[in-house]
Amino acid sequence: MGDPKFPSKHYNTPSHPWQKTRIEQERTLTHQYGLKSKKEIWKADTKVREMRRQARKLTAKANDKQAQKEKSLLLGKLNRLGMLEQGAALEDILRMSPENVLDRRLQTQVYLQGLASTVKQSRQLIIHGHISVEGAVNRVPGMLVTKTQEKNITYSPSSALNSDLHPVRPGAKATYEDEEIVDEKTESEKEPKEEAEKKETENNDDKKEEAK
């Protein structure tokens, strides 16, 4: 059966472990995108570097027919993923950053579409099976979402989050607050009526005593 295949790393670690500027940038991205670890940033950075390398290679072979085919395939792929606009050129790939990849992660898209209150909650909902993409439950927060899939991100059919009054759903808290405000108004309206009734009963009792 041959030797077993061991998975290889899909990212490259930083060349130097202690670089203040890089560490601060990674800390900002980790907080902004609700990432579990900096490994997610390194994966995105590695993908961008590979695309840049391929773009430089295709630019050098601009007159080659095979290079033209690979160019159209690469630009079409990045357009479907929402990383580049329609009609982009190879020069646009050279200006890409890890943020272009992180913006297309399922975790980010769930948060941007308002299905979660925070980015970290978005990751939790995906892992627990509350999010479906094109009708299928997806538990991978780092999945890169295409433009077509982006329009079909919803709560999974079996999820309790389909209820508008679920406390975890964004906006549900406002609904409960509105209900509390209504209750407070009704109670405040009841108080004057109760006081008026008490005064009437007291006046009636005084009149009865005077009559005696």
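Counting starts with 1 at the first residue shown.
Heads up, the Cβ atoms here are built off N, Cα and C, so glycines get one too.
Features of the protein shown, as given by TrEMBL:
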type     : residues : note
REGION   : 1-25     : region 'Disordered'
DOMAIN   : 5-103    : domain 'Small ribosomal subunit protein uS4 N-terminal'
DOMAIN   : 104-166  : domain 'RNA-binding S4'
REGION   : 155-212  : region 'Disordered'
COMPBIAS : 183-212  : compositional bias 'Basic and acidic residues'
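On the 0 to 100 pLDDT scale, the model's mean across the domain 'Small ribosomal subunit protein uS4 N-terminal' (5-103) is 94. Mapped onto DSSP classes, the domain 'Small ribosomal subunit protein uS4 N-terminal' (5-103) shows 62 helix, 0 strand, 37 coil.
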